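Per TrEMBL, domain 'Copper amine oxidase N2-terminal' is recorded for 36-119. Annotation comment: TrEMBL describes 137-222 as domain 'Copper amine oxidase N3-terminal'. Summarising the annotation, TrEMBL assigns domain 'Copper amine oxidase catalytic' to 260-675. Sequence annotations record features per position, and here TrEMBL assigns active site, proton acceptor to Asp336. The active site, schiff-base intermediate with substrate annotation in TrEMBL covers Tyr420. Annotation comment: TrEMBL describes Tyr420 as 2',4',5'-topaquinone.
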Amino acid sequence: MQQATAALVEQLGLPAPAAATPRRNREGGLAHLPKHPLDPLCAQEYEQVARACKEHALALGLDPATLRFNGVNAQEPVKYEVLAFLRGEGPRPRRTALAIMELFAQNAVVEAVVDLEARPPCVTAWKQMEGVQAALTPDDVLECEAVLKRNARFRAVMAQRYGITDVDSQLAVDPWYSGFRYGSPEGRVLQCLLYRRSSPDDNHYAHPLDCIVFYDFHTDKIHDVVFHGGEQGRTIPAEDSNFHRSLVDRPWRTSLKPLDVVQPEGPSWSVEGNVVTWEGWQFHLGFSWREGMIINDLKFCDQGRMRPVMYRGALAEIIVPYGEPRPPFELKCAYDIVDYGLGLCANPLEVGCDCLGLIKYFDAVVSDSRGRPHTIRRAVCMKEEDAGMAWKHYEYRNGHTEVRRNRRLAVKFIATIANYEYAFQWLLHLDGTIGFEANLTGIVSTHALFPEEHAAGGQPQWGTLVAPGVNAHIHQHFFQVRMDMAVDDPDGGACLQVVEVEAEPMPLGPANPHGVGFDITQRVLARESEAQRMCAPERSRVWKVQNPRVLNPVTGKPVAWKLMPGSPCPPMLAHPTSSHATRGAFATKHLFVTPYHPKEFNPAGDYPLHPDPEQNRGIADWVKADRNLDGADCVLWYTLGLTHVVRCEDWPVMPVEVLSFHLKPWDFFTQNPTIDLPPIPNKRTIDFDLASGAKGGASGGLAASCCAATARSCCGGGPGACTCQPGACACAKGQPGRAPEGAASCCAKPATAEPALQASSRL
């Protein structure tokens with residue numbers, strides 16, 4: 001293993017791992033280091049990074065007060081160094097951080113590397129990035145809105161065209177990147193979408209202005225103000241469309257009964273630091289300002305042996321291209337990770353709403369624009385969920401049934417990017433299936449109508465009329481997930497193959513005289529030029545990642561995991577020469593495969609804007625090298641997507657739309673890994689008819705719990721029997737009299753400490 005790791009390090013041109021030496025602090029003791037080399041930065045480390053960067057800026061003659069921190073992360077060590085350390089075969093990778101900052105006064109972007117093990121921590125590299133712009137952080141968005149509202153020209157335009165004199169309370173501003181619309185990377189020009197609001201809780205997207213302001217909030221310069229609605233655009237759509245609980249104008253429904261998720265004996269997981277173990281699965285949970293949640297070092301314990309499955313899995317990029325071709329919307333396209341930072345936009349999750357049941361929460365720490373640590377409470381939630389039937393067989397000859405329930409561990413976080421909410425979760429199943437889900441909700445982006453659309457009876461041409469005068473543009477969503485596969489290789493997948501598998505019908509002939517034959521074809525995707533693929537559901541196309549060095553003892557074939565697409569979406573519909581497709585080239589295919597490289601994480605480029613888009617295309621540039629993939633350390637980049645033609649039902653807030661894919665073991669195990677699930681039925685499952693008395697009562701095993709199901713009935717019947725009856729009374733089982741102390745009904749068991757484990761308890 002050490003030889004293989006050394007060869008790969010040499011192949012990638014990486015520096016050799018440093019010799020193991022003890023790290024000591026000023027007092028001479030060993031310095032504090034996280035338990036796991038992939039742990040995110042803690043609050044103290046963020047403070048150390050900010051202090052080191054400000055001291056370095058001061059030494060360079062810069063004003064530290066002008067530094068704006070856009071993104072700060074622990075600098076991820078090279079994979080082979082991490083694995084060697086975790087095996088006890090190499091030193092701990094040195095703890096460093098990467099800070100991306102703006103020099104506000106110079107309108108420049110700097111990357112700084114901070115050595116957190118130096119005493120004191122210090123900057124070891126400081127590089128000014130030419131011609132790029134940094135991500136638009138939540139602090140930037142709020143500051144841009146505030147500064148624009150103070151601009152005298154802006155206030156005059158709002159008053160003259162719309163009669164809005166109190167811009168602070170009557171306007172909401174959504175800043176988006178605008179591209180280099182004005183031909184220069186100087187400044188920070190944003191396209192500001194404008195909406196009227198009647199109160200802080202009003203759904204302002206119901207009241208779009210026919211105006212986009214192109215504004216440089218670094219220099220407070222308005223480059224252009226574009227009105228697209230003609231004279232009709234002076235009238236702002238007035239109809240309210242609210243969903244805030246204080247503004248909903250219909251009564252709440254009262255028919256829904258409580259539905260609780262209960263684990264009376266506690267969870268099946270164990271957590272040590274950021275390492276989670278659950279029913280054979282083990283992984284490390286990471287978090288970054290850019291990607292949000294990260295699954296590291298995912299393994300499965302197979303009969304006492306930990307077998308690597310995936311070294312790293314994370315959402316890598318999101319693109320939302322809009323289909324309105326007319327100015328000023330021709331450049332309307334959001335890159336929600338590289339432009340904004342998904343982790344920076346993570347929600348603090350609501351107990352009992354965002355996640356239901358017995359929940360383990362993980363906080364996340366990020367940096368604000370001043371370099372100060374900001375803790376997002378409950379940024380990630382983890383829970384066990386019933387996942388339906390695992391397997392079943394009913395033997396009709398004797399009436400015997402064997403059936404087991406499946407279960408899954410869900411690890412989820414939610415981010416808000418302006419109008420949209422995205423919930424992402426990794427799902428680990430008992431049978432070895434790995435699922436990934438993207439859940440889309442929030443509010444569709446809206447605009448006022450064009451004059452020709454008013455003339456056509458108020459019907460938009462490239463969108464849907466969701467309220468009078470309000471157009472929700474047609475658009476697409478694409479989510480690219482990066483999966484660095486390992487597949488039974490302790491070196492992190494150093495020698496893998498990606499195989500495309502398809503079903504193919506046999507031609508009529510002597511071998512297939514009845515025309516019923518079909519088989520599969522398999523081909524290795526040997527180079528990057530061959531590994532830019534599309535889904536083909538008509539051919540049952542899947543992709544298998546196999547380890548040719550490990551053979552299944554039953555089949556004699558390489559152990560593998562297969563990538564199974566969900567409902568495939570067409571690739572990006574924008575023309576290949578468009579700015580959307582040029583920069584968002586990663587969304588023009590469903591699958592890319594590349595060999596591992598420690599600098600390749602961002603498929604749309606490292607920065608939102610670059611003066612030459614051809615030089616900032618991320619994966620589209622990497623694959624030009626046409627590197628070898630046969631027996632390489634293969635990384636999968638899978639894109640799932642949705643073409644969103646907005647419906648009335650998506651308004652005023654969009655019901656959740658679910659996109660997903662799965663990874664499934666293929667000859668990885670020797671048999672169904674859930675064959676050892678115990679044949680224990682769920683004791684809280686109730687036959688409703690028996691419990692409610694609709695069929696004349698209950699007896700036997702159901703009798704003891706029938707009244708507990710409703711908690712609104714009392715019991716009758718002889719000893720050993722329990723009949724649920726309507727009404728409210730107090731009786732012991734089978735006898736008149738008092739119910740047991742603490743019981744909800746006469747047949748219920750007395751209450752125990754169980755409620756403390758119900759409904760979204762925090763561990």
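Glycine is no exception: its Cβ is also placed from the backbone N, Cα and C atoms.
These numbers come from a predicted model, not from an experiment.
Cα separation, Asp336 (active site, proton acceptor) to Tyr420 (active site, schiff-base intermediate with substrate), rounded: 10 Å. Under a cutoff of 8 A between CB atoms, and with a sequence separation of 6+ in the same chain, the neighbours of Tyr420 (active site, schiff-base intermediate with substrate) are Val320, Asp336, Leu440, Thr441, Gly442, Ile443, Ser445. According to DSSP, the domain 'Copper amine oxidase N2-terminal' (36-119) comprises 28 helix, 24 strand, 32 coil.
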